[in-house]
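> First the structure, then my questions, so here it is.
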RNA sequence: GGCCCGUUGGUGAAGUGGACGAACACACCGCCCUUUCAAGGCGGCAUUCAGGGGUUCGAAUCCCCUACGGGUCACCA
């Protein structure tokens, strides 16, 4: 790969240069897949697809304390469930592996040795206390705290002396800036940082582990990353990275800092605002389609203004420059609306597949459901899916198909079971008519009811509402004849009789 | 505190000097459809783009200042 001598960054590639595009998503496994992280990953994925490039999944696990294997698995699972794939990474491998920073330690070591040999980095023996004191002093003077440069020009003898004391050094990058650092950001334009803001920052910790900045830049350079698309919180850190890339003799990638996602109270989204991870949303009954679609909508609008789209549909026209500059507020209400949309428009079999684990958990389906059980579940899902917003609500909405009616909705009783004797009599007549209905279909049950309603000279609702309450215990649900058909003749009549008994006991 | 980023309705947002007397979607409020609830249809919902100055024949769009919000200044990522 050639180096652009003066260029500090690569331009957004034209179609001809698409081959070169390489992006990465680099989560640290200190938690599950956060909704903000997901969106960043999605933007990376789209950019790679749009330009026919590659996306790599790298794991930034240099934080030994907080990195957990279970979190890694959770992240991987999340992507798998959402249908997001990577071209290279911890699972798929690739030519630039390993893809886990904890396995790349020799690479960082080598990079450090190179920098030290070139005089671009040096060991620093200052203690945390010394540094803290200097920081406080500078802050008190209203200045940006910067490393005072104590160990910058230590003689070999001085170094030996500190080593002899048993001090474990950190390594700092020697930063000498005579002009501002310009960060080329596709979303925000050129961002200029004054040179006096940067100091000799730590690149390798005293335990020998690289800092995030160092590991990240070494990896991005070695993995030939061309575009870094990441969260906005990194924008302020970017000058450090630019300086690092230069020191490493690597081309500086182009950046795109995507805005943060805020909670409804306009503060940073966190656990106290409810679900924030893909895993949690999954457990709440949200579909992958909705989660992906909604995440993308937070800060991105396609040129045609459409809001409902699949990930792949967005790829051909995806444009980083269209990403919003300002943070977006997460609105669960809209997510619910979108989830409801997918619940009723996705192929029924698909919805069934998503619902199956929920049905099993509720005890409505066995571990190994047979075809008949599946078919029944399918029909019931079809009947209620357009009136619920999540899978959890869906399971609740079909509950009375799977278990007897244990109670009648209170408001429903007040309204439709108001005159027990009269209602009981109507239901008795209805049960009697239904007993004679054969075959048991939407048309035949309705015909029987319509006839009875006409004979009694009452409104349809006067019979239908009590019937719904009797059959489901609820005041809302699928069409009443649909309900009867799904329940079956025997069960319909049984429930009608149970309601009649209940009413008589109260008459 | 320094530096950096941002600010269009309750929310997501379109908008890159004239078609803006500001699209679209969610939410909300009406009406219609209807056995219920949904879904769907129709209509309403920013006299104005954080505030103030400029530039211009003309500004939500360009410039400056102020306010507010956020990020960052770690041997966390």
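Numbers run from 1 along the shown chain.
Using the three backbone atoms N, Cα and C, a Cβ is placed for every residue, glycine included.
TrEMBL feature annotations, pasted as is:
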- A:271: ATP binding site (BINDING)
- A:21-337: domain 'Glutamyl/glutaminyl-tRNA synthetase class Ib catalytic' (DOMAIN)
- A:351-500: domain 'Aminoacyl-tRNA synthetase class I anticodon-binding' (DOMAIN)
- A:27-37: motif ''HIGH' region' (MOTIF)
- A:268-272: motif ''KMSKS' region' (MOTIF)
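Could you give the neighbours, burial and distances for every feature on this list?
Look at residue A:271 (ATP binding site): DSSP puts it in a helix.
Looking just at the domain 'Glutamyl/glutaminyl-tRNA synthetase class Ib catalytic' (A:21-337), the mean pLDDT is 92.
Non-local neighbours of the motif ''HIGH' region' (A:27-37) in the same chain are 59-63, 66-69, 71-72, 74-75, 78-79, 212, 231, 260-261, 269, 276-281, 291, 295, 330; each lies 6+ residues outside the stretch with a CB under 8 Å from one of its CB atoms.
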> Please spell out the DSSP helix, strand and coil residue counts for the motif ''HIGH' region' (A:27-37).
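Going through the motif ''HIGH' region' (A:27-37) residue by residue, I get 3 helix, 1 strand, 7 coil.
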> Could you give the number of helix, strand and coil residues in the domain 'Aminoacyl-tRNA synthetase class I anticodon-binding' (A:351-500) as assigned by DSSP?
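Breakdown, helix to coil: 110 helix, 0 strand, 40 coil.
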> Taking 10 A as the limit, how many CB atoms besides its own sit near the CB of residue A:271 (ATP binding site)?
10
